[in-house]
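One structure is given here, and the rest of the page talks about it.
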Amino acid sequence: MEIAALLTSAGINISICIVLLSLYSVLRKQPANYCVYFGRRLVCGGARRYDPFWYERFVPSPSWLVKAWETSEDELLTAAGLDAVVFLRMVIFSIRIFFITAVVCIAFVLPVNYYGQPRMHKEIHLESSEVFTIENLKEGSKWLWVHCLALYIITSAACLLLYFEYRTIAKMRLGHITSSAPKPSQFTVLIRAIPWHPEQSYSDTLSKYFINYYSSSYLSHQMVYHNGIIQRLLHDAERVCLSLKHVSPEISCKPSLTPCNFCGGPTATNSFHILSNEGDSVKGMELGELTVTTTEQERPAAFVFFKTRYDALVVSEVLQSSNPMLWVSDLAPEPHDVYWRNLNIPYRQLWIRRIATLVGAVAFMFVFLIPVTFIQGLTQLEQLSHAFPFLRGILKKKFINQVITGYLPSVILILFFYAVPPLMMYFSALEGCISRSIRKNSACIKILYFTIWNVFFVNILSGSVIRQLNVFSSVRDIPAQLARAVPTQAGFFTTYCFTSGWASLACEIMQPMALIWNLAAKAISTNKDESYETLRFPYHTEIPRLLLFGLLGFTNSVIAPLILPFLLIYFFLAYLIYKNQILNVYITKYESGGKYWPIFHNTTIFSLILTQIIALGFFGLKLSTVASGFTIPLILLTLLFSEYCRHRFAPIFHKHPAQVLIDMDRADEMTGRMEELHKKLHSVYSQIPLHLQKSSSNGESSTPFSNLELPDPEKLKPEEGDAIAKELWGFQGNESGQEHDTKSCPSASSPEHLTPKMIELHKLN
């Protein structure tokens, strides 16, 4: 690919980014768009003063960049939870390592590649991108030791940074476990595959089992019921809530009669009436009466509660019977994290489901070969023109040729990739994951494998076929074939960085779909109430994208280092934009507790080893035995480092340390909080969470766990006397005194649909 085609793609994407970022800085100030760009802030509370004639509302400003830059990690942890902090530390790690890589490779490797052979160089924009790759070196060149030394520096820096990051995040996870807010999941074990006895129900079987074997630690249990009836009840309740959301509290609820437009008779203008005593409407209606209690509706699964955290940990880790397919125990997820639909799946079906989803994902990978091969054909029109003569007319038009070869392929690939995340999320749900965070974690891994395979390996393979290069004939030839193919795809990977990196970040901060939906809803609906949908951060799509660019950066670092400055720009933009979105847009309802970091660590190690294998193949092709000899020990040392981290830090992300849980139990017993926690365990895992509708006379939530409490509606009300702020909420901060910091919302607690009016109704009930 010519440098002119790269510059064309870069110019198009830079223009798109500048336009979208400027447009965002204006649209975020408009009151009608606050529910799109400040969803998290609206849910968490705060008041906003707004001047309708404020001139700076219509002028782009970089204040949001300053705000994102100045927010500390502790503030981010309080506002969005551990997963958000871990994700941004991934971005920071990428910035650090690729800054080091760019300095080393641009300063030393790139000049060696460019002047590798005595030749007449053209102007930069007329040069081919292959001139800047390692292919430009002649065989047996003594300058290959520069590439080997650069590879050692990059690997050493990456391993050192990975070690310190892994250690820091492991401490953060321990702090997440030992946080001051008690978590009901620490006392709860999910039991599945309860054996069936015709003489008794699942509930009786479970009670007898745990009273017999865990009499000193067993507290109580909550059965899981058939999902159909439960979902119908929840659907009816949701419809009622949606109806109430459109009723203004200021409207009088007294019915009045007005003449009908068609028949002239009287009609009631208000079909609602106020009960004389709200307490009488729910008098005697306990939670158990609304829960399906028949034995036919019970499922062979239950949440079992224990007296201490340590007892729950022991039960979750121990094999309960001689048949591993019965009495399967796992630590329960948080109440907001439970994926109720999958709890009804028989445990014996799970292995069949996992095989089926694996086969489906692999089949989809092979189907995706068709668009990827077509895309590679667009990047190599010169080779295809020999087989298809009609393409020669297109190649004569210089600008069209540059757009087709430099910009269009990566755009088409991104459009095809929009179908991947929903499908992989569906596959993860079919596997039978018991929590939403586990489902998203599983989807993240599937999307990661799919992305690396199709964007990196399939592009290399299809490009080799089009160029009529030899495909892998044996395992021994893999390093050499990768070494031949990677430099030829350096231009495509660079343009992919522009479109999937820069332009996608600009679209992320613009939220085009949410913006269009908001404008359409306001144009169609006459309701003046500010209702909005809260979003969850898409870790399952953004982490694979981050890791893919890390893979491209490592594999091209000593082969084709021209991509490194563009990747570094992407990571800087990602840090600011993702931080802004986490602070303002996305709600944390559930999280994994930092479990995404092992995925990042393992994939980074894989990228380093793949880079070393490709470099080893190139050193062999260039007949440099010294460089090849020094690369083999580097591969072994990287594998040893990975194994050390797997034994030293990885268990913390899969198991809870008993020492920590015992200390927490002793602290709760000394303060007298243990009995209060025991009383509330049963209600938080109810399949019909009606306990959230009950509140005590002083307005406090009935649950003792702070991460389940609703925010105080007084903090969500606008200040008195501000007529415009009564309709639109927000926050005050740096933009000419129009915004200010607000208290962050509790992690994993905010409801999906929440307006101030609904919260007031909630408090009245």
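Residue 1 is the first one shown; counting continues down the chain.
For all residues, glycine too, the Cβ spot is worked out from N, Cα and C.
TrEMBL entries are annotated by machine, without manual review.
The domain 'CSC1/OSCA1-like N-terminal transmembrane' annotation in TrEMBL covers 5-165.
The transmembrane segment feature in TrEMBL is assigned to 6-27 (among others).
For 97-116 (among others), the entry in TrEMBL reads transmembrane segment. For the transmembrane segment (97-116), the residues of the chain that approach it from at least six positions outside its boundaries are 131-134, 136-138, 141, 143, 146-147, 150, 153-154, 157-158, 161, 550, 553-554, 557-558, 560-562, 564-565, 567-568, 571, judged by C-beta separation under 8 angstroms.
Residues or ranges marked as transmembrane segment by TrEMBL: 143-164 (among others).
Annotation comment: TrEMBL describes 186-342 as domain 'CSC1/OSCA1-like cytosolic'.
What TrEMBL lists as domain 'CSC1/OSCA1-like 7TM region' is 353-619.
What TrEMBL records for 355-379 (among others) is transmembrane segment.
TrEMBL lists 399-427 (among others) with the feature transmembrane segment.
Within the same chain, residues 361, 364-365, 368-369, 372-373, 375-377, 379-380, 383-384, 413, 417, 420-421, 424, 481-482, 484-486, 488-489, 492, 496, 540-541, 543-545, 547-548, 551-552, 555, 599, 603 sit at least 6 positions outside the transmembrane segment (447-466) and bring their C-beta atoms closer than 8 Å to a C-beta of that stretch. Look at TrEMBL and you will find 447-466 (among others) tagged as transmembrane segment.
For 558-578 (among others), the entry in TrEMBL reads transmembrane segment. Residues 10, 17, 65, 68-69, 87-88, 91-92, 94-95, 98-99, 101-102, 105-106, 109-110, 113, 129, 132-134, 147, 150-151, 154, 483, 486-487, 490, 493-494, 497-498, 501-502, 505, 508-509, 542, 546, 549, 552, 611, 614-615, 618 of the same chain, all 6+ positions outside the transmembrane segment (558-578), place their C-beta atoms under 8 angstroms from a C-beta of that stretch.
Long-range contacts of the transmembrane segment (599-620) within its own chain (CB-CB distance under 8 A, at least 6 residues past either end) are made by residues 90, 93, 134, 144, 147-148, 151, 154-155, 158-159, 162, 165-166, 441, 444-445, 448, 452, 478-484, 486, 543, 546-547, 550-551, 554-555, 557-559, 627-628, 631-632, 634-635, 638-639, 641-642, 645. The transmembrane segment annotation in TrEMBL covers 599-620 (among others).
Here TrEMBL flags 626-645 (among others) as transmembrane segment.
The annotation compositional bias 'Polar residues' is assigned in TrEMBL to 694-706.
Taken from TrEMBL, the feature region 'Disordered' covers 694-765.
TrEMBL lists 712-725 with the feature compositional bias 'Basic and acidic residues'.
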Integer mean pLDDT for the domain 'CSC1/OSCA1-like cytosolic' (186-342): 73
